[in-house]
Amino acid sequence: MTEPTGLSAAAEQSVPTQLMKHKKEVGVASEELGSANAATDQKEQTTSEISKDYVYRSSGRPEKTEIIKSLVTDQDEARNCELYLPASSYCSAVESPEESEEDMYRDAEEIEREKILLREANSSEYKLSVSPEMDIMEYCRKEWRGNTPVAKRMRKGYEAVAQKFASIRRIRGDNYCAFRATLFQALSQATQLPGWLQSEDLTMLPENLLNKYDWIKQWQLKQKLGKKMGEISDEIKEYLILLRKKWRNISEIKDPIEKQEACDKLFKNEEEEYSLYEALKFLMLNTAIELYNDDKNGRRVPVFSWLLFARDTSSNPCQLMHNHLNHIGHTGGLEQVEMFLLAYALQYTIQVYRLYKYSTDEFITLYPNDPEEDWPVVTLITEDDRHYNIPVRMCQETML
């Protein structure tokens, strides 16, 4: 399914991971993050050079870099726009099919289907955050009726998923769908509170980060742009407390039916739901800062971290916040490399069936691709790396 405000896509087309042609210097107010000039100097190496170099130095397994680099370069379209522009000045999240350059790569059926999906996304029928279960092959037949190569590939992909899962639940597409799908799956199977949520330091995180990094004053909350950082700090603290409370409450429910009902109820409460997503965004920023500082201090970091900060739009955490995290939920969703960051922030493995990659090695992708053994696993489905739905009801033979 297509997210209403996601980036336009040509599923088979790769683009360079150098996403920006215009650079701006960004001052960083702490020694840990370094200067913007230092970050800019790193751009003399291409992303390919950086990823190739550091896989040999950090993991000794060059093949894993190629997998991650492929995920990053599969971004559907570069953000060809200036840094630090207000949301309204950013490249339009959805171009009309007639105006989009991608049309040369898509057939008429796909273009018409996207028009229908965009209209559906604005109707009240599709405002449910997580729709009721539907037989996965019935859903596939409803969505992909044509005989184009894309439709045939999608049907094959769904048939493969149906070997493991019986049903699918459609996720609302409002640029939070990656958060929504991941968090819903995590809570649905939670049996205990994760260690990082138990930490007493969790609620002090906004205040502690602000004391170190003055640029975090420009953090933006959904529909609350322009608030003073003191107020935002208090709100994020409340969001983190809410995340801990909801996770604990749901994990303590033993009956699977009651647990599912509790999750459904939570994701029907729009105010609480979006508060949880803001908490996740801030946890991602904290994780990015930790990875950036670890690298600067000579400690080993995962390969995706190099690719995350190799982008012209996020050469340091300050730029990452301004040009990416601040816009999630407003003008765009998560890019592929940011799915790795979300997985690290939650300490979960995110397994994704990428249907348009059916019959390739990337059909089932793990974020991260070398996860910790004790990390829980959640499973998502995507047709285009922009919108995510969730498979449910694992088949009995698979469970056995």
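Positions of Cβ are set from backbone N, Cα and C atoms, glycine also.
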Expected hit for region 'Linear diubiquitin binding' in TrEMBL across 100-106, 219-225, 289-295, 331-337 is 331-337
Out of Asp174, Cys177, Glu362, the listed recorded positions, fewest other Cβ atoms within 10 Å surround the Cβ of Glu362
Cα of Glu362 (site 'Linear diubiquitin binding') to Cα of His387 (active site), in Å and rounded, measures 17
Do you know offhand how many angstrom separate Asp174 (active site) and His387 (active site) by C-alpha?
9
Averaging the per-residue pLDDT over the region 'Linear diubiquitin binding' (331-337), what integer do you get?
91
